[in-house]
Amino acid sequence: MNHTRVEQNRGRTARKLRLALMGPAFIAAIGYIDPGNFATNIQAGASFGYQLLWVVVWANLMAMLIQVLSAKLGIATGKNLAEQIRDHYPRPVVWFYWVQAEIIAMATDLAEFIGAAIGFKLILGVSLLQGAVLTGIATFLILMLQKRGQKPLEKVIGGLLLFVAAAYIVELFFSQPKLAELGKGMLIPSLPTSEAVFLAAGVLGATIMPHVIYLHSSLTQNLHDGSRKERYSATKWDVAIAMTIAGFVNLAMMATAAAAFHFSGHTKVAELDQAYLTLEPLLSHAAATIFGLSLVAAGLSSTVVGTLAGQVVMQGFVRFSIPLWVRRAVTMAPSFIVILMGLDPTRILVMSQVLLSFGIALALVPLLFFTSNKALMAELVNTPWVKRTGWAIVVLVVALNIWLLVGTALGL
């Protein structure tokens, strides 16, 4: 009897710990449903129907492993990835890492900020510039929550993630995809043309985000509840739940685009404005409005996460920090320049995703080295299969980046 009670108490304590430590992965997961994902998933679904859904499944599984490793580094060492690189690498390498990480954070922010501005433009009928002003105001308001600590921010960003997921459940209801074909697309790999290969690379680039690899390790480095093993176990639950939601959203985006556009002959839908305007007559005004609202929610939350990641990168690499509102103001500038110059926002979005994919390997290689180091990680060191899988992901990402670069240079 006593033994049973002890087991029950232990189970209750583990559940409480899981709940207490839930949140960091929800902030990281927002990076996986930003407007760049909207653009690439819609283009892939409209062009190839359900044929590239399997890419989303595999990219999401890879992303889960990467986020677990990042969170584990923070738990095991009490330092984030940027700080570990600063402590272990020569100064010129650290400065190179800082500069490229800042460029990638700004490229990410450009995509996310413009995505939210497009969302405001679509649902309110304002200009893109007015949408950008609204985005700026909204992100400043969300960032003010940081003064109250990490938990309130986790709740707001987690709420926005759940809103986007709910919006796409509704979109699936409106578009009514063929479930048998959808299941086949998720399970059976196919790359019918060279364009499909490029879109698959784009989907992978838009799914795995280098800035949240840096950020997640900083969100877990100051967790102190329970033992290290208990914190790691709770964090795996956090990542599994948050990344499953993000994966569902990505699958739903592509499936909705396939059902609404591809099978009604609109295979060339590639821009967010175009997707909104095409959804309205095909499905309904409500479906188009929900799409616009989900774009605003994803853009706002991901641009806030991008600002936080930029702060972590600067503090970690060069031990220097600026107020969050100053960073927010500085990183907004490129978005306003793009809008005022009248450049094509969706093209800028897609280009930023290509740039992003080059930062993935640069973040992954040191992450794998550090998490495989027994002296650093103790009992949380990577197992042999995690090492092998991690290096396989690095090789795949580098190969796809070279493919993308060559293809872009040759205009394929």
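Using the three backbone atoms N, Cα and C, a Cβ is placed for every residue, glycine included.
Just so it is clear, the model here is predicted, and its values are computed rather than measured.
Annotation source Swiss-Prot lists transmembrane segment at 19-39 (among others). Remote same-chain residues near the transmembrane segment (19-39) are listed as 60, 63, 67, 70-71, 108, 111-112, 114-116, 118-119, 150-151, 153-155, 157-158, 160-161, 164, 206-207, 209, 211-212, 215-216, 219-220, 223, 225-226, 231, 234-235, 237-239, 241-243, 245-247, 249-250, 253, 270-272, 275, 295, 298-299, 301-302, 305-306, 308-309, 346, 349-350, 352-353, 356 (criterion: CB distance under 8 Å, separation of at least six residues from the stretch ends).
Same-chain neighbours of the transmembrane segment (46-66): 32, 177-178, 181-182, 184-190, 192, 195-196, 199-200, 203-204, 207-208, 213, 239-240, 243, 246-247, 250-251, 254-255, 257-258, 261-263, 266-270, 275, 364, 367, 386, 389-390, 393, counting only residues six or more beyond its ends whose CB sits under 8 Å from a CB of the stretch. For 46-66 (among others), the entry in Swiss-Prot reads transmembrane segment.
Annotated transmembrane segment per Swiss-Prot: 94-114 (among others), in sequence order, evidence recorded as sequence analysis.
Long-range contacts of the transmembrane segment (122-142) within its own chain (CB-CB distance under 8 A, at least 6 residues past either end) are made by residues 113-114, 116, 153, 156-157, 272-273, 276, 288-289, 291-293, 295-296, 299-301, 303-304, 307, 325, 328, 332, 335-336, 339-340, 345. Residues annotated as transmembrane segment in Swiss-Prot, with sequence analysis given as evidence: 122-142 (among others).
For the transmembrane segment (156-176), the residues of the chain that approach it from at least six positions outside its boundaries are 23, 26-27, 29-30, 33, 142, 145, 242, 245-246, 248-249, 252-253, 255-256, 259-260, 283-284, 286-287, 290-291, 293-294, 297-298, 300-301, 304-305, judged by C-beta separation under 8 angstroms. Annotation source Swiss-Prot lists transmembrane segment at 156-176 (among others), citing sequence analysis.
If you look up Swiss-Prot, you'll see 196-216 (among others) marked as transmembrane segment, on the strength of sequence analysis.
Among the features that Swiss-Prot reports, transmembrane segment is placed at 241-261 (among others), with the record citing sequence analysis.
Taken from Swiss-Prot, the feature transmembrane segment covers 290-310 (among others). Outside the transmembrane segment (290-310), and at least 6 residues removed from its termini, the chain residues within Cβ reach (under 8 Å) are 27-28, 30-31, 33-35, 37-38, 102, 105-106, 108-109, 112-120, 122-123, 135, 138-139, 142-143, 146, 153, 156-157, 160-161, 163-164, 167-168, 170-171, 211-212, 214-215, 272, 275-276, 279, 324, 327-328, 331.
Remote same-chain partners of the transmembrane segment (322-342), defined as residues 6 or more beyond its termini with a Cβ less than 8 Å from a stretch Cβ, comprise 105-106, 109-110, 113-114, 117, 128-129, 132, 136, 139-140, 143, 146, 306-308, 310-311, 314, 348. Residues or ranges marked as transmembrane segment by Swiss-Prot: 322-342 (among others).
According to Swiss-Prot, the transmembrane segment annotation covers 348-368 (among others). Tertiary neighbourhood of the transmembrane segment (348-368): same-chain residues 35-36, 39-40, 66, 69-70, 73, 81, 84-85, 88-89, 97, 100-101, 103-104, 107-108, 110-111, 114-115, 201-202, 204-206, 208-211, 213-214, 272, 338, 382, 387, 390-391, 393-394, 397-398, 400-401, 404, 408, selected by CB-CB distance under 8 Å and a gap of 6+ residues from either end.
Annotated transmembrane segment per Swiss-Prot: 392-412 (among others), in sequence order, evidence recorded as sequence analysis.
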